[in-house]
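Peer 1: Please see the structure below; I have some questions.
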Amino acid sequence: MMIDPLVTIVIATSLALLFLLAARHKISAHRRFEAQLAAYRILPESLVSPAARVLPWLEIAVAASLLFATTRPVGAVLAATLLATYALAMGINLSRGRSQIDCGCGDTPQSLSGLLVLRNCVLAIGALLLLAPVATRPLNALDMLFAVLFVAACSLSYTLFEQLSRNHTLLTDKE
């Protein structure tokens, strides 16, 4: 299966933007992120602080590697691994009945849910699509315009999903 280069650019850029925003949150609210990470109760206490310091920089490295064709395969594997790890950590806590903890996904607190696990799995699959061979064709100005529009559409769709997920959590918490 060959993927059109426009699709590759859209997926890679959208994921890079997502990882940059995630890293910004982790850096700007470092203490809060460290507390969120500790709340998962997966890492030994002695590793929580170092992991909270390293993760945002790893996410920045992933974002940067996704933006360049030569490093994109490594970035894709790292992105998929991080997303799958985050999904696994959420799934473990959901199976423990610990849905009330903040996922640590962004600036707005959000309880764990199956929707967040599904979201991360879908994003990981998207990252793995970047490993498929890319068709060779020249890209023109119209392709670049479409890329910008599709990245904007992906960003809006992601934001909408996040809001719907938060609303779902709020509604189910009140029941």
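Numbers here mean position along the shown chain, with the first residue as 1.
Just so it is clear, glycine is given a Cβ too, placed from its N, Cα and C backbone atoms.
Feature table excerpt (TrEMBL):
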DOMAIN    7-131  domain 'Methylamine utilisation protein MauE'
TRANSMEM  6-23  transmembrane segment
TRANSMEM  75-95  transmembrane segment
TRANSMEM  116-135  transmembrane segment
TRANSMEM  141-161  transmembrane segment
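Walk me through where these features lie, including what they touch and how far apart they are.
Peer 2: Summarised as a single figure, the pLDDT of the domain 'Methylamine utilisation protein MauE' (7-131) averages 94.
Same-chain residues lying 6+ beyond the ends of the transmembrane segment (6-23) with a Cβ under 8 Å from its Cβ atoms: 55-57, 59-60, 62-64, 66-67, 72, 75-76, 79, 82, 105-106, 123, 126-127, 129-130, 134, 139, 143, 146-147, 150-151, 154-155, 158.
Packing against the transmembrane segment (141-161) from elsewhere in the chain are residues 5-6, 9-10, 13-14, 17-18, 119: each is 6 or more residues past its ends and has a CB under 8 Å from a CB in it.
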